[in-house]
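Asker: Take a look at what TrEMBL says about it:
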type     : residues : note
TRANSMEM : 14-32    : transmembrane segment
DOMAIN   : 34-154   : domain 'Piezo transmembrane helical unit'
TRANSMEM : 39-66    : transmembrane segment
TRANSMEM : 78-96    : transmembrane segment
REGION   : 155-180  : region 'Disordered'
DOMAIN   : 285-522  : domain 'Piezo THU9 and anchor'
TRANSMEM : 287-310  : transmembrane segment
TRANSMEM : 330-349  : transmembrane segment
TRANSMEM : 358-380  : transmembrane segment
TRANSMEM : 392-412  : transmembrane segment
TRANSMEM : 424-440  : transmembrane segment
TRANSMEM : 460-479  : transmembrane segment
TRANSMEM : 500-524  : transmembrane segment
DOMAIN   : 560-621  : domain 'Piezo non-specific cation channel cap'
DOMAIN   : 642-809  : domain 'Piezo non-specific cation channel cap'
TRANSMEM : 722-745  : transmembrane segment
């Protein structure tokens with residue numbers, strides 16, 4: 001060894017010999033120390049999610065537009081700003097907790113109002129008002145101590161003092177690396193007089209810096225447009241000298257002082273973003289995939305939690321809303337905005353424009369924060385801190401902002417080649433890529449967007465042709481690699497695990513598809529069905545086509561369920577009746593409802609005298625058939641005003657049709673039991689008012705007064721979430737589901753012979769390399785070579801003989 005120390009070796013042995021739990025704690029602590037700035041970011045964002053006020057809004061915006069964009073790390077000025085701001089926020093919140101403020105006298109009434117001014121500002125009185133601020137301050141001081149331990153806290157001041165000692169730009173350029181984009185102007189000591197100071201601006205060397213040189217004269221009282229343009233071509237030292245002269249001139253002019261203060265704020269911000277867009281050195285990276293995944297997660301949150309972004313829709317269900325052909329406005333707006341941002345992000349990624357990404361980042365950060373914390377609470381009528389789904393969406397969006405800032409800071413990659421799922425040739429990438437291609441319109445949309453925002457000489461059809469060939473060759477490459485990893489010896493039959501595993505799974509899948517409608521319709525009501533109890537039972541009896549003679553309805557407490565004893569007695573009464581027992585097998589006790597209706601009609605009998613005479617003549621003819629409407633046609637005889645075979649004692653209430661009597665139960669009853677009703681006409685003393693009274697004979701529940709008893713058998717209904725499928729019925733499911741799936745399955749099993757020359761390719765490396773070469777020359781701007789390689793690819797697929805030569809196994 002070149003270096004040996006006994007104490008270090010003893011320390012290392014002691015560390016290795018510790019328990020695993022303690023080693024895990026050490027590792028977690030080291031991770032915390034290494035990423036202490038991320039801990040600060042997380043605590044600041046968490047504090048803002050819970051508080052959701054204007055006081056806590058400032059630091060998250062500064063994180064995404066200052067700290068995360070600083071190179072190589074946030075400066076001391078940012079951390080001091082965050083610490084001082086947090087301390088001031090704690091003092092302000094503490095000051096406004098006293099009860100003598102008017103808004104603190106009705107806290108219970110105003111605490112849930114989103115637009116109450118103290119709630120918006122963040123000075124409302126509440127318990128634990130400062131807990132998260134103290135945790136945030138603790139995290140900031142922890143990060144400050146870590147920076148001081150590593151000597152990074154005063155790094156900016158040392159860099160500034162050393163740069164001020166340099167006299168030429170050659171020495172400035174040799175200080176190395178990229179300028180700290182967070183550098184700011186220092187204060188200037190005005191000890192000298194105005195007349196004794198003269199400022200000279202050294203020339204810039206374009207071979208070392210990207211900025212062009214220029215010289216500036218004294219600052220006049222009125223700043224012209226040429227003076228503002230000069231700021232674009234200045235480095236930090238030149239701007240410091242320039243502002244010294246500005247401040248000296250400002251002593252003589254009040255207007256100049258205002259201009260100087262404005263420029264003192266504007267120029268550092270402008271210089272910060274200018275250095276960000278035009279860096280000296282760039283460590284390019286590609287985190288577009290992670291940004292796309294974050295946007296996809298946000299998209300899923302919107303789809304399954306859209307009710308959190310609308311008004312009076314907390315109990316809404318997207319499945320039931322879509323099944324009723326209703327598209328909620330909040331859902332539509334959020335989906336379109338999210339999808340639009342994903343399209344813009346893809347366009348910026350393909351164009352590789354950092355300036356556009358910076359502008360998009362600024363607009364998105366301000367727009368999202370303004371909408372989430374000022375517009376959304378008014379739409380939903382509840383505070384952001386009470387909206388869990390919106391908090392989750394915002395947290396994922398913050399992850400996106402962090403990735404986007406990292407992409408801006410490092411710069412876009414110079415070459416974008418293929419899909420990120422096609423970087424490896426294994427089963428995971430294969431199945432993920434095939435799943436990606438199965439998403440409706442996703443492949444087509446990606447191909448068209450890539451063609452629009454990529455410089456190419458190919459037409460849209462040629463572009464799609466190359467993409468399709470590349471996707472097909474990638475899939476073949478994955479299968480060939482799997483065959484190499486798991487080779488099959490010649491002359492050996494397939495193993496039973498493969499045959500029964502893959503073949504058995506396909507058999508079970510096909511059987512399930514064929515019998516899916518029958519199984520679905522059978523199980524949806526028997527297993528997942530919901531009892532559909534009646535809420536209103538109405539009866540209307542009409543003789544022939546005359547005026548109704550009896551109308552009555554039952555609601556609420558007149559509708560009763562059977563208790564277990566009554567249900568068992570009901571079943572025993574049909575012992576020996578096979579047809580009745582078979583019908584009762586499909587109903588449970590909770591599916592049967594007994595309706596008790598009053599015998600007196602709730603409407604007067606207002607028949608005209610001619611119709612009354614005609615009706616009496618018809619009833620006197622005992623051989624005539626009368627139709628009792630609403631149920632069925634029966635032959636009955638009128639004897640002592642008793643009607644037989646008229647009243648439907650048992651009614652079946654299907655879920656999709658009108659109620660009808662149950663013949664199986666009526667036929668099994670004893671003669672006259674429950675099927676006879678007495679019909680009596682009643683009237684007032686004046687004879688001008690008449691109504692009918694019905695009394696059912698041989699009822700199960702013996703009642704002294706005139707009444708009717710009716711049993712309703714309610715069919716179970718499907719759950720609301722599956723109602724859109726159950727509504728098709730068995731034949732509808734066969735026509736819309738099974739036949740469509742069968743068409744795709746048939747295409748897989750037939751027509752294989754026509755694609756053998758494109759499927760059975762032993763070695764696809766050459767074709768895959770040709771496609772990759774097309775992508776490469778396109779990114780490098782060799783568009784003529786792109787046309788030549790595309791013509792070569794098309795010729796290859798047109799010539800079977802050349803295809804055979806290109807796809808032979810390498811010897």
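Yeah, the Cβs are placed from backbone N, Cα and C, and that goes for glycine too.
Caution: TrEMBL annotation is automatic and unverified by curators.
Could you place the listed features in the three-dimensional structure?
Answerer: The list of residues near the transmembrane segment (14-32) in space but at least 6 beyond its ends in sequence, with Cβ under 8 angstroms from a Cβ of it, reads 39.
Sequence-distant neighbours of the transmembrane segment (39-66) (same chain, 6+ residues past either end, Cβ-Cβ under 8 Å): 32, 74, 78, 81-82, 85-86, 89, 92-93, 119-123, 132-133, 135-136, 139-140, 142-143, 182, 272, 361-362, 365-366, 369, 373, 377, 383-385, 391, 394-395, 398, 401-402, 405.
Through the fold, the transmembrane segment (78-96) approaches residues 40, 44, 55-56, 58-59, 62, 66-67, 70, 104, 118, 122-125, 129-130, 133-134, 136-137, 140-141, 143-144, 147, 182 of its own chain, all at least 6 residues removed from its boundaries and within a Cβ separation under 8 Å.
Long-range contacts of the transmembrane segment (287-310) within the same chain: residues 316, 318, 328-331, 333-335, 338-339, 341-342, 345-346, 349, 376, 379-380, 387-390, 392-393, 396-397, 399-400, 403-404, 406-407, 420, each at least 6 residues beyond the stretch ends and with a Cβ under 8 Å from a Cβ of the stretch.
Within its own chain, the transmembrane segment (392-412) has Cβ neighbours under 8 Å at 41, 45, 49, 60, 64, 68-71, 276, 279, 282-288, 290-291, 294-295, 297-298, 301-302, 305, 308, 349, 352-354, 357-358, 361, 364-365, 368, 372, 384, counting only residues six or more beyond its boundaries.
Long-range contacts of the transmembrane segment (424-440) within the same chain, counting only residues at least 6 positions beyond its ends with a Cβ under 8 Å from a Cβ of the stretch, are 471, 474-475, 477-479, 481-482.
Tertiary proximity for the transmembrane segment (460-479) is limited to same-chain residues at least six positions away from its ends with a CB under 8 Å from its CB atoms, namely 418, 422, 425-427, 429-430, 433-434, 437, 447-448, 450-451, 758-759, 761, 764-765, 767-768, 771, 774, 790, 793-794, 797.
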Asker: What else in the chain is close to the transmembrane segment (358-380), if you only count residues 6 or more beyond its ends and a Cβ gap under 8 Å?
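Answerer: Here the qualifying positions are 52, 57, 60-61, 64-65, 114-115, 120, 273, 276-277, 308-311, 330, 341, 344-345, 348, 387, 390, 394, 397, 401, 404-405, 408.
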Asker: How about long-range neighbours of the transmembrane segment (330-349): same chain, 6 or more residues beyond its ends, C-beta under 8 Å?
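Answerer: Result: 288, 291-292, 295, 298-299, 302-303, 306-307, 309-311, 313, 318, 321, 356-357, 360, 364, 379, 412, 416, 446, 449, 452-453.
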Asker: Can you tell me how the residues of the domain 'Piezo non-specific cation channel cap' (560-621) break down into helix, strand and coil by DSSP?
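Answerer: Summed over the domain 'Piezo non-specific cation channel cap' (560-621), the classes give 31 helix, 10 strand, 21 coil.
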Asker: Within the domain 'Piezo transmembrane helical unit' (34-154), how many residues are helix, strand or coil going by DSSP?
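Answerer: Per DSSP, the residues of the domain 'Piezo transmembrane helical unit' (34-154) fall into 82 helix, 0 strand, 39 coil.
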